[in-house]
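Asker: If you look up Swiss-Prot, you'll see Asn51 marked as N-linked glycosylation site, on the strength of sequence analysis. What Swiss-Prot records for Met1 is N-acetylmethionine, and it gives similarity to another entry as the kind of evidence. Summarising the annotation, Swiss-Prot assigns topological domain 'Cytoplasmic' to 1-18, 92-98, 150-161, 214-277, 335-342, 395-412, 461-501. The topological domain 'Extracellular' feature in Swiss-Prot is assigned to 40-68, 120-126, 183-192, 364-371, 434-439 (among others). Annotated transmembrane segment per Swiss-Prot: 19-39, 69-91, 99-119, 127-149, 162-182, 193-213, 278-298, 314-334, 343-363, 372-394, 413-433, 440-460, in sequence order.
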Amino acid sequence: MEQQDPIKKEGRLTPVLALATLIAAFGSSFQYGYNVAAVNSPAELMKAFYNETHYSRFSEYISEFSLTLLWSISVSMFPFGGFVGSLMVGPLVNRLGRKGTLLFNNIFSIVPAILMGTSKTARSYEMIILSRLLVGICAGLSSNVVPMYLGELSPKNLRGALGVVPQLFITVGILVAQIVGLRSLLATEEGWPILLGLTAIPAALQLLLLPFFPESPRYLLIQKKDAAAAKNALKRLRGWDDVDAEMEEIQLEDEAEKAAGIISVLTMFRMRSLRWQVISIIILMGGQQLSGVNAIYYYADQIYLSAGVKDQDVQYVTVGTGAVNVLMTICAVFVVEYLGRRALLLLGFSVCFIACCVLTVALALQDRVSWMPYISIVCVISYVIGHALGPSPIPALLITEVFLQSSRSAAYMVGGTVHWLSNFAVGLVFPFIQVGLGAYSFIIFAVICLLTTIYIFLIVPETKGKTFVEINHIFTKMNKVSDVHPAKDELKDIPLSAVEL
């Protein structure tokens with residue numbers, strides 16, 4: 001009975017854990033958000049630069065078709081790079097560790113920042129295209145590795161809140177890019193190279209500061225077999241010396257899957273014991289992007305203009321929308337441990353479903369009913385709120401929670417690949433859908449939101465307050481297997497009370 005006190009001890013947000021979270025999220029996740037939005041404001045200025053560069057080389061201006069193609073390639077290089085970065089996650093985190101991968105990833109930020117910052121002086125739009133590929137790789141790695149790193153650093157009672165922090169910094173990065181990208185600031189003929197090059201600042205800070213913080217204790221113990229280093233990391237993160245209970249929980253996870261080793265993506269797809277976990281992350285990551293979030297932002301400017309917002313003022317309304325996104329993600333940080341992951345997903349996708357349905361009606365009637373454009377604005381804001389509460393931050397957090405150490409890196413590769421391919425698909429296909437369906441384009445996204453909501457309600461369990469082993473114990477029942485991995489009986493024999501933290 002005396003040994004149960006440390007087992008029930010809850011983790012706290014120590015200075016080391018808080019700073020490691022902030023440095024990892026600012027140095028990596030912030031860059032992702034910043035580079036998503038950085039090219040939006042100066043787009044016309046950059047196209048003019050492409051045209052002038054072509055003229056200086058060939059004494060003729062580029063054709064409209066070729067200019068559109070070049071710009072489309074420049075924009076699409078980012079999600080393509082994200083896809084490439086997602087494929088690199090598994091090999092890098094298993095070889096370099098979680099922290100080591102984040103440090104290595106700064107190469108894909110600092111180098112392109114220098115290239116983009118000097119591209120105008122060098123008169124080379126090829127440098128911008130290459131840089132967009134490189135910052136995309138950076139985003140593909142950071143969008144997967146930061147949630148994994150923070151999820152493995154956190155005690156279970158803070159895992160949800162800290163797991164939402166990467167998405168919070170993505171939204172902050174978007175907002176900062178929107179602010180510094182105002183026409184009165186850096187969205188100018190001389191300022192846009194600086195705007196693009198600023199992404200080097202968070203990378204440099206992370207490169208300087210993150211080495212002083214611990215590697216993932218789970219990586220150190222389970223994959224590196226370094227119990228002493230894992231224990232020291234836990235002591236620093238928890239702020240106390242008595243970490244035996246948590247060490248025991250990690251060792252139980254190691255024992256429960258010792259025969260599996262490091263699982264590859266192909267092996268993971270073949271394993272019956274991981275069937276519903278894999279299906280769930282594919283549906284959640286696909287639903288996150290295919291629910292229409294990028295389409296909403298794409299359409300937002302037209303909606304604001306139709307409501308009477310002046311063209312020169314749309315940029316300020318866009319900043320306001322970005323601020324709402326940040327505020328609601330902050331709310332998610334504080335309520336995720338109270339309401340749980342499942343509730344936020346259900347709430348978020350339901351709000352997005354309703355917003356898409358009402359927006360469809362509002363867009364269809366806006367030429368006949370004078371006040372409908374204002375309903376459209378309400379729908380856009382409501383959609384942003386709903387997505388920020390659940391669909392944006394929770395899926396990446398769940399990948400950390402529903403997979404054990406041996407399969408987690410492969411799971412992030414799959415989830416990241418689905419995320420970036422879905423992102424790319426929406427960007428490629430939505431303009432054609434908009435031309436073909438017009439106001440009814442958002443019905444497609446409403447259906448996807450509804451189907452994702454139904455799946456979550458029927459299949460996805462609540463993971464709040466549970467250890468990784470306990471969560472996988474839930475899935476063994478769903479997968480109709482007796483243990484975590486085939487041919488092993490450890491999990492069913494592990495008393496759940498023994499792995500409480």
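Cβ coordinates are placed from backbone N, Cα and C, and glycine is handled just like the others.
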Asker: Which residues of the same chain, at least 6 past either end of the transmembrane segment (372-394), have a Cβ under 8 Å from a Cβ in it?
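Answerer: Same-chain contacts beyond the ends: 163-164, 166-168, 170-171, 284, 287-288, 291-293, 296, 299-300, 303-304, 306-308, 321, 324-325, 328-329, 331-332, 336, 341, 344-352, 354-356, 358-359, 362-363, 365-366, 452.
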Asker: If you draw a 10 Å sphere around the Cβ of the residue listed as 'N-linked glycosylation site', how many other Cβ atoms fall inside it, taking every protein chain shown into account?
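Answerer: The answer is 18 other Cβ atoms.
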Asker: Reported in the order helix, strand, coil, what are the DSSP residue counts of the topological domain 'Cytoplasmic' (150-161)?
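Answerer: With helix first, then strand, then coil, the topological domain 'Cytoplasmic' (150-161) has 7 helix, 0 strand, 5 coil.
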Asker: With CB pairs under 8 Å as the measure, which of the listed stretches 19-39, 314-334, 440-460 comes out on top against the transmembrane segment (193-213)?
Answerer: 19-39
Asker: Counting CB pairs under 8 Å, which listed stretch among 19-39, 99-119, 162-182, 278-298 touches the transmembrane segment (314-334) the most?
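Answerer: Looking only at 19-39, 99-119, 162-182, 278-298, the most contacts with the transmembrane segment (314-334) come from 162-182.
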Asker: By a Cβ-Cβ criterion of under 8 Å, what residues six or more beyond either terminus of the transmembrane segment (99-119) are in contact with it?
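Answerer: Same-chain contacts beyond the flanks: 24, 27-28, 31, 85, 89, 92-93, 125, 127-128, 130-132, 134-135, 137-138, 141-142, 145-146, 149, 193-194, 196-200, 202-204, 206-207, 210-211, 213-216.
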Asker: Grab the same-chain neighbours of the topological domain 'Extracellular' (364-371) for me: Cβ-Cβ under 8 Å, and only residues 6 or more beyond its ends, written as numbers and ranges.
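Answerer: Same-chain contacts beyond the flanks: 306, 439-440.
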Asker: For the residue listed as 'N-linked glycosylation site', which of the three DSSP-derived states applies: helix, strand, or coil?
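Answerer: In the DSSP reduction, the residue listed as 'N-linked glycosylation site' maps to helix.
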Asker: Any chance the transmembrane segment (278-298) and the transmembrane segment (343-363) have 3 or more Cβ pairs under 8 A, given the pairs are 6 or more apart in sequence?
Answerer: yes
Asker: Of the listed stretches 127-149, 162-182, 413-433, 440-460, which one has the most C-beta pairs under 8 A with the transmembrane segment (343-363)?
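Answerer: Most Cβ pairs under 8 Å with the transmembrane segment (343-363) come from 440-460.
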Asker: Does the structure show the transmembrane segment (127-149) and the transmembrane segment (413-433) touching, where I'm treating 3 or more Cβ pairs under 8 angstroms (sequence separation 6 or more) as a contact?
Answerer: yes
Asker: By DSSP assignment, list the helix, strand and coil residue numbers for the topological domain 'Cytoplasmic' (92-98), in that order.
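Answerer: The composition, in the requested order, is 7 helix, 0 strand, 0 coil.
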Asker: Six or more residues beyond either end and a Cβ under 8 Å away: which residues meet both conditions relative to the topological domain 'Extracellular' (434-439)?
Answerer: 295, 299, 360, 363-364, 366
Asker: Can you count helix, strand and coil residues in the topological domain 'Extracellular' (364-371) using DSSP?
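Answerer: Counts, helix then strand then coil: 2 helix, 0 strand, 6 coil.
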